[in-house]
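Per Swiss-Prot, these features apply:
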BINDING   G158, G159, A160, G161, V162, G163, K164, T165  ATP binding site
Amino acid sequence: MAEAATPKIGSVGRVTQVIGAVVDVAFEGELPKILNALETSNNGNRLVLEVAQHLGENVVRTIAMDSSEGLVRGQEVADTGAPIMVPVGNETLGRIMNVIGEPVDEAGPLVTAHKRAIHQDAPSYVEQSTESQILVTGIKVVDLLAPYARGGKIGLFGGAGVGKTVLIMELINNVAKAHGGYSVFAGVGERTREGNDLYHEMIESNVNKHGGGEGSKAALVYGQMNEPPGARARVALTGLTVAEHFRDQGQDVLFFVDNIFRFTQAGSEVSALLGRIPSAVGYQPTLATDMGQMQERITTTTTGSITSVQAIYVPADDLTDPAPATSFAHLDATTVLSRSIAEKGIYPAVDPLDSTSRMLDPMVVGEEHYEVARKVQSTLQRYKALQDIIAILGMDELSEDDKIAVARARKIERFLSQPFFVAEVFTGSPGKLVALEDTIKGFKGLVNGEYDHLPEAAFYMVGSMEEAVEKAKKLAAA
């Protein structure tokens, strides 16, 4: 449990008003600074309050990080003299903690050598790295068509049951294998059941060990749907603080946020409780500032990088809603998961035509990679345009050129699938991590017609093109 700083003389106040998650505290002596953590006990538990406003007459308005039911007027509150401090370091791997750094996985206390404040400034311009580099994930469809920037921000869009969690776990696994990096997962305002499932799936698929310890690759920080808005508005910052520590140790860190919309939603609830006048669609007037302050901390420095994958819920599928629209401004790439692709049994169900990346630029990825990616997309686009004709008239009515394009597109679709390490438990087929050179070489051969003689089935759920050729031989022999 994080120790509280020893209260200073004159830094003990008393509760004067409790309205839901907002608690007013009067101090006689020195007032605590904005964003300082105050502590009191509530129903026998430690309750942390974060200072949000100075109201005058020695009263501060605070936001509770846990339920305020049971607080009474006149109750003593101590100023810790610092912002919320959370444990950071390798001891956090394989563990689940809450917004104030307390372990919630019933695996004993979380003791670390270092603690860090959740509010930090973004790295200065001098510390930031300006190089554009790809973070190779070993997932063909991502690396070829919508590559991730090292230290970039990626938006992950997808409905329920199309494989967001499996993709997230595979990314955690591959980054640990290929880059030796750790991952931090921040569960912001999502279902507790999903958080529980993710924890157990990580143990089953060897991403984490039970109770942490050697071999664990990810730290989990949860502030789920049932938490008060104060916790949901800050839990992403807690996760980010853990990730920043790993980055400053020279690591390439993956930072997952599920769901970034809930961060904004919690900020909106807190803003209303603090009495701020709402802005467009009822959101907080500080929406862009809140988002910017968090997103600017996610970056590459000269020592290491934080690459962030953020699941984004789009309310009522309205992309112009201020919450998703504000997050789009910060993204370098988007990975869109499609139900229609998942229905074909192609996993990962990434939509090759809808997913985008600013890294797909010949100046960054090189001329060959860019040309191959564009050819793959144009072949798939042509197939999409011909699907109506095929549905009405059948394949026989197509020209010879179109028939070849359709055959290649179907092979490309299947070759974009690949077996995942974390899904070995369910599929029985060993996972594949494909090098970028092999991915480019394989798809280059496909679009140039070098593999037109191989059957479609040979390309399904394989890693490199060599495996597809081997599979074709086995199919022919069968």
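Glycine is treated like the rest: Cβ placed from N, Cα and C.
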Least buried by Cβ count (within 10 Å) of the binding-site residues A160, V162: A160
Residues flanking the ATP site, with Cβ no more than 8 Å from the Cβ centroid of G158, G159, A160, G161, V162, G163, K164, T165 and excluding those residues themselves: L337, A342, A349
Cβ atoms near G163 (ATP binding site) (within 10 Å, other residues, all chains): 20
Which listed residue (G158, G159, G161) has most other Cβ within 10 Å, given these are binding-site residues: G158
Set of same-chain residues at least 6 away whose C-beta sits under 8 angstroms from K164 (ATP binding site): L156, G158, D258, A311, L337
Secondary-structure category, per DSSP, in which T165 (ATP binding site) falls: helix
